[in-house]
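K.L.:
Just lifted these from Swiss-Prot, have a look:
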BINDING   71, 100, 118, 119, 120, 121, 122, 123  S-adenosyl-L-methionine binding site
């Protein structure tokens, strides 16, 4: 069975958490899904120090031997069909999707990771978490020829 772990800096507010849980339940029919919410060092004034601290937590949370996908503005943009093919090509393997903090991550620690971007636009952090899990759900719907994706 495919294993997917979402590693995200920060936590969801209750209004986003219920939607996240709804998608997670649906995704759970197709894969083993887990989430690691990591501490955001919002009190840290030095952005580089903040990114280093958060990046260390991310690195510690990675699943061993998993395909690491960093969500980054510098990443490649793909559509939902291509995203579903990415998951299909790695069926029965492990993925770790990384959502860094509001200031990003120290990308030099993720040179071997695949980098994806959803857009050049900026999204609220909590909304992006929902967008990611929805795209994971959509990918499985595409792979199962569901009418969900039109």
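The backbone N, Cα and C atoms fix where each Cβ goes, and this holds for glycine too.
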K.L.:
A 10 Å Cβ contact count, applied to the binding-site residues 118, 123: which residue has the minimum?
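P.N.:
Output over binding-site residues 118, 123: least Cβ neighbours within 10 Å is 123.
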K.L.:
With every protein chain in view, what's the tally of Cβ atoms within 10 Å of the Cβ of residue 71 (S-adenosyl-L-methionine binding site), excluding that atom itself?
P.N.:
21
K.L.:
How many other Cβ atoms sit within 10 Å of the Cβ of residue 120 (S-adenosyl-L-methionine binding site)?
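P.N.:
Taking every protein chain into account, the count is 7.
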K.L.:
What does DSSP call residue 71 (S-adenosyl-L-methionine binding site) in the simple three-state scheme?
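P.N.:
Reduced to three states, the DSSP call for residue 71 (S-adenosyl-L-methionine binding site) is strand.
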